[in-house]
Amino acid sequence: MLRKIRTILAAVFFVLITLLFLDFTGTLHHWLSWMAKIQFLPAVMALNLVVVIALVLLTLIFGRIYCSVICPLGVFQDILARLRRKKNKYSYSKEVRWLRYPMLVVFIIAGVAGIGSLFQLLAPYSSYGRIATMLFQPLWKMGNNLLAVLAERADSYAFYTVDTWMRSLPVFIIAAITLVVLVILAWRGGRTYCNTICPVGTILSFFARFSWFKIHFDTDKCKNCSLCSKNCKAACIDFKTHTVDYSRCVVCGNCIDSCKFGALHYSRPSRNTSSSSSSPIDTSKRSFLLASALVSTAALAQKKEKLMDGGLAELEDKVAPERQTPLTPPGSLSFQNLSTRCTGCQLCVSECPNQVLRPSSDLMHLMQPTMSYEHGYCRPECNRCSQVCPAGAIKPVDKDEKTSIQIGHAVWIKKNCVPITDGVECGNCARHCPSGAIEMVPLDESNEESPMVPAINEAACIGCGACEYVCPSRPFSAIYVEGHEVHRKI
Amino acid sequence: MKKNISRRSFLKLFGAGSVATAATLAGCKDANKAGSQAKEEYKNQVEPPVGQMTYRVNPKTKDKVSILGYGMMRLPTKVDNSDEFDQDMINKQIDYALEHGLNYIDTSPVYCQGKSERCTGIALSRHKRSEYFVATKLSNFNHDYWTFEKSKEMYQNSMKELQVSYIDYYLLHAVGGSMEEFNGRYVDNGIMDYLLKEREAGRIRNLGFSFHGKQEVFDEVLALDEKYHWDFVQIELNYLDWDYANEISKSNVDASYLYAELQKKGIPAVIMEPLLGGRLANLPQYLMTELKSHDPERSVASWAFRYAGTPEGVLTVLSGMTYMEHLKDNLLSYCPLKPLTEEEMRYLDKEIAQKIVGLENIPCNDCKYCMPCPYGVDIPAIFVHYNKCKNEGSLPMGIGDSDYRKHRRQYLISLDRVVARDRQPDHCIQCGQCEPHCPQSIHIPRELAKIDEMIESLKRYPDGEMKNG
């Protein structure tokens, strides 16, 4: 019974949160963004005390059901483990203390010291978010695009084509390696990841030891058949001593179902027993960390070449300018705020409909979002990223508020400007500026006939990037947006 | 036949009398005849007959010219690669056209990114030179080609590409912007004198010009007939341009005027844009229905072709037939031409034309003269898409449009389908380089800016509120 309830709840949670990541149409986040907000680490980062206390209480009462139901990475591992159809595939092993607690310490230090990339690498929800955004969403989009092609043939507007592009190669590789490691760990040992590496698992384990309800043995009924140990994905049941390691038990209920003698119960136990032990080193965990660190320095993203019609001028792809200060979305308050709060879950990246947000390639902020305007700009009617962020790294802003938040300012690069290079009239930046912050003026103020070039009112510019996006100069725009460390209200 | 045999054996088996058998067989023959008749009717509906083409006689050379001419400006491209023209299909269509009596083929060195003449030459070289008349043009638009040498080179290259030793109809291409331009391109550099000599030498059998533009330029160039003896003139004529060309664009002339002037001088008219680049075949549903109800058996396009072919002073009507179906449909209209009555003509150029003008379409015929835009904007695709939405009644209208959300979604999605994002109107920088190339004198940058504004408003207001705010 416990197992059935757990499985149904987990399936619902997992499917919905995955849909939240996959959906690019902006319809689901109204209904589902709370699912990201009840995740443990994002709630901690957002200082969302209500959620944190609720989760701690939940664990104090029921044990680590968070890991079995709410955490998408945990459920994902159960799915992976299920793919191995072998029966009685697990066995009891001791707690890997020497790795488990140091990992937590490393994680906390990384968080406090602001080593965002290491912090996000270990955070479970973020790991799942990266896999969903980098690996699942492109597949989802390709499926959609296939339907869009069919819809086009049928003259229907039910589906439309969306661009799939490599937002960041390093993050893609990290997501892929994480997935491979998870597959191996889950295949071999069920919840090894959750009980040795995951910092949330370790934190919750402190509370789970004292939980009100627990799995416990009825020693009178137990025949020492070992089925419970062999079916425990957390490897925490020692049938010989009739003990359960509550720091590792995720309350999945598999043991209760597997016991033929009804010797296991999930209830308030009459007497307290706890056990702890240590186990041999699992080298795969080491290689996971090592590999991830190596990949962080991997090559930069490659751009796709597009084929043109014969009658159309070739368009060179735009290249992202080297911004001295990175751009962060309205609502993130400051670069500092974003980098300390963000858990790198990629939810904002997967939501962004204008192809502006992508994970940063900067090593210190590797998986955190940054903005660039080659494929589109931060459109005034959109505030999706601020609505979905569960960690308080991007605070909610409404659409009107957004038009007065200055996240950066436009900078003119004279040598690229087409009125000067091509001798034509342009003014496309001025025409498309939603803030009216650009006016065209003669290059030589004493000569009305000289080329008209943009004059930027930096005080009125909000840094949305419309000018940069529509600038005809390729591959480098003649006007680009430089980020502001701290966002301002204007 | 199999059916008959089985019937026969069936009857035999049941021992029917010989009389009855004979009667049944006779009945079968009748059914057979009706069947083949039905088959014939199917065929007649879509397959043009051979040997029925209407011809007009060129008063000067006595050329017997087919009323349908093949325009080589909208050649078919390969189905798997739209950058390459499908020579096999071009050959096939030219063969089919010649087989059905078409004998006038019109091209230019600038059509189809400069590949039209070569494709035409390849297709025509497979036929006897006496079977066709070929027309090409001195398309020296670019200032670099205004010199004598460059223009002469263009003329000589045309013969090489077309694989011919003489050109039947040679045109000064798109006269009408200004007299300065006319003099600069043809007179001051001495190329006109050279072409006159070529005509004397027989390498140009007919010399004329094609016209798009201002009336005073037309009058002045036509007056040069005294000096140059124009053998023919190519004008835009269709039931919309007959009386409304000037109303649609101030810098265009009504076809009724152009045709009347040519008639006065007895100069044959070659007709271009009889269908306005397909616009007259893509009318809003209610106009389609109206035309169809007048003649349910014939296509909407056939009205435009019969209209253009009816005036006796018309030598040939050019059509850029990309697909075999276009070709067959046009051949059906002209094999033979059933001239329109006076009443039918006025119905088209007054009633229907007025309704089309009321649609306020952008008068783009998708000729692609404006392309390529140096900044990559796909101008004709944007206009064609806009007109299509407008004529379908699916243009989002903001306040008061109960279908705003649906239309908005349709417009944005369908635009993305036909025009890449970085070729959409927001990338037009208003440099205006396209504008002088437009034969319809469309204010391209202005129209693009208007569409851009509309798109921006659609993107900003998903619910249509604040359309004017």
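The backbone N, Cα and C atoms fix where each Cβ goes, glycine too.
Quick caveat, the model's predicted, so the values are computed rather than measured.
Annotated features, as they stand in TrEMBL:
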{"type": "TRANSMEM", "residues": "A:7-32", "note": "transmembrane segment"}
{"type": "TRANSMEM", "residues": "A:44-77", "note": "transmembrane segment"}
{"type": "TRANSMEM", "residues": "A:98-119", "note": "transmembrane segment"}
{"type": "TRANSMEM", "residues": "A:169-187", "note": "transmembrane segment"}
{"type": "TRANSMEM", "residues": "A:194-213", "note": "transmembrane segment"}
{"type": "DOMAIN", "residues": "A:213-239", "note": "domain '4Fe-4S ferredoxin-type'"}
{"type": "DOMAIN", "residues": "A:240-269", "note": "domain '4Fe-4S ferredoxin-type'"}
{"type": "DOMAIN", "residues": "A:331-362", "note": "domain '4Fe-4S ferredoxin-type'"}
{"type": "DOMAIN", "residues": "A:367-399", "note": "domain '4Fe-4S ferredoxin-type'"}
{"type": "DOMAIN", "residues": "A:424-443", "note": "domain '4Fe-4S ferredoxin-type'"}
{"type": "DOMAIN", "residues": "A:452-484", "note": "domain '4Fe-4S ferredoxin-type'"}
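Of the ranges A:44-77, A:169-187, A:194-213, the one with the most Cβ pairs under 8 Å to the transmembrane segment (A:98-119) is A:194-213.
Stretch with the most C-beta contacts under 8 angstroms to the domain '4Fe-4S ferredoxin-type' (A:452-484), considering only A:213-239, A:240-269, A:331-362, A:367-399, A:424-443: A:424-443. A contact between the transmembrane segment (A:169-187) and the transmembrane segment (A:44-77) is present, since 3 or more of their C-beta pairs, 6 or more residues apart, lie under 8 Å.
Assigned with DSSP, the residues of the domain '4Fe-4S ferredoxin-type' (A:213-239) fall into helix, strand and coil as follows: 4 helix, 6 strand, 17 coil. Residue counts for the domain '4Fe-4S ferredoxin-type' (A:452-484) by DSSP state, with H, G and I taken as helix and E and B as strand, are 5 helix, 11 strand, 17 coil.
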